[in-house]
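Just below is one structure, and these are the notes that go with it.
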């Protein structure tokens with residue numbers, strides 16, 4: 001290392017780049033879904049598996065959240081935990097919702113843990129979920145929760161009646177039996193996820209948005225008017241999942257179209273479950289079309305869906321539907337309003353359409369192609385650091401704690417979405433990272449894709465020796 005704190009040769013950077021490249025190209029980790037009725041301890045079990053308090057722990061009415069998947073590590077193996085809890089219980093719709101939960105888990109997970117309250121015993125909702133999971137052909141593990149003593153294990157034994165094999169007595173709250181359960185789950189998991197989308201084949205598109213925004217109408221317009229549906233692909237015994245549609249001389253795979261075509265019942269909790277399906281579709285997609293009602297003000301629900309797409313790191317197309325309902329003299333004003341409200345998403349591809357009349361629907365294809373090309377983009381290390389040197393020389397990072405952090409080196413760690421790592425001598429303020437993102441877009445494009453900028457602060461030499 002030289003006197004100014006930079007590395008004297010490139011070997012350190014090459015080692016880090018190799019490490020990042022390995023991580024970026026790692027095969028998708030297997031997925032374990034945790035399902036069950038409210039109040040049985042799903043989120044507590046997820047937290048226990050993660051070893052940190054991250055999932056919501058009260059499955060009580062009104063407790064919902066957007067994020068449902070977490071990276072986990074057990075005995076050196078990476079896997080993903082999918083928490084499907086969080087919807088509001090209601091006696092009328094409970095069985096239907098647990099069954100729906102199990103159905104989604106069958107499609108999106110490599111193995112399933114069904115959590116049952118051993119003190120309550122098997123309910124009709126538990127039985128409905130068990131029947132669906134048995135048909136999946138996937139490894140299913142029955143976690144008999146709230147077994148806090150040897151005496152309570154007798155309650156767990158009663159759950160043999162569900163037909164899922166031996167119940168695993170656990171206490172998610174205190175950790176009892178969870179390690180043994182995880183050992184068995186991981187032994188049954190494939191090394192690489194069998195449900196993760198495979199590279200190659202038609203590009204995968206998710207069509208998402210709040211209820212009644214016109215998703216089904218747009219899907220039917222894309223498929224029906226052009227008579228271009230190739231076929232529906234059977235995903236499970238429950239419903240067909242994807243549709244292959246030919247648009248613009250290529251075939252696109254629209255994911256989870258079953259969720260669009262089937263009307264969700266009015267049972268309590270269906271709005272949360274729509275959120276789970278939205279997550280499922282976004283996770284399976286490469287590019288996401290978010291439908292927004294142009295004839296009504298932007299809602300919190302619209303913003304929440306957009307946040308899901310950004311967090312998932314998917315290419316994005318904004319489709320403002322029902323544009324035909326907007327008065328001609330108001331359209332320019334509305335465009336400016338949208339610019340103001342979505343100022344952080346100026347990079348997104350935007351198309352004003354009418355799913356009903358077909359207005360501008362054809363423009364969705366070039367928008368998707370542009371977004372995906374940006375999503376796939378990689379910038380070589382040399383040009384990236386030349387650009388960075390010029391930007392930092394003109395506008396250095398702000399002083400923090402009396403010291404000015406220096407950016408030593410940058411590399412693109414991954415594409416899909418483009419992810420950059422900056423090696424620095426100190427923390428970079430969020431505002432400066434946003435500034436760098438804007439400049440990155442000005443220099444290299446990236447229309448239609450989120451960009452991630454991560455910072456690695458160099459350790460002090462004394463700290464490293466200790």
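In case you wondered, yes, glycine gets a Cβ from its N, Cα and C as well.
Annotated in Swiss-Prot:
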type: DOMAIN; residues: 30-193; note: domain 'EngA-type G 1'
type: BINDING; residues: 36-43, 83-87, 145-148; note: GTP 1 binding site
type: DOMAIN; residues: 203-376; note: domain 'EngA-type G 2'
type: BINDING; residues: 209-216, 256-260, 321-324; note: GTP 2 binding site
type: DOMAIN; residues: 377-459; note: domain 'KH-like'
Reported mean pLDDT - the domain 'KH-like' (377-459): 93
Of the binding-site residues listed as 36, 39, 42, 84, 147, the one whose CA lies nearest the CA of residue 209 (GTP 2 binding site): 84
Neighbouring C-beta atoms (10 Å sphere around the C-beta of residue 36 (GTP 1 binding site)): 27
Fewest other C-beta atoms within 10 angstroms, as judged across 42, 215, which are the binding-site residues: 215
Helix, strand and coil residues within the domain 'KH-like' (377-459) as assigned by DSSP: 29 helix, 22 strand, 32 coil
Alpha-carbon spacing, residue 212 (GTP 2 binding site) to residue 39 (GTP 1 binding site), which is rounded to whole Å: 31
Spatial neighbour of residue 323 (GTP 2 binding site) that is closest, considering only the binding-site residues 36, 39, 147 and their CA atoms: 36
For the binding-site residues 39, 84, 212, the one whose C-beta sees the most other C-beta atoms within 10 angstroms: 84
Cβ neighbour count within 10 Å of residue 209 (GTP 2 binding site): 23
Spatial separation of residue 84 (GTP 1 binding site) from residue 215 (GTP 2 binding site) - C-alpha basis, Å: 24
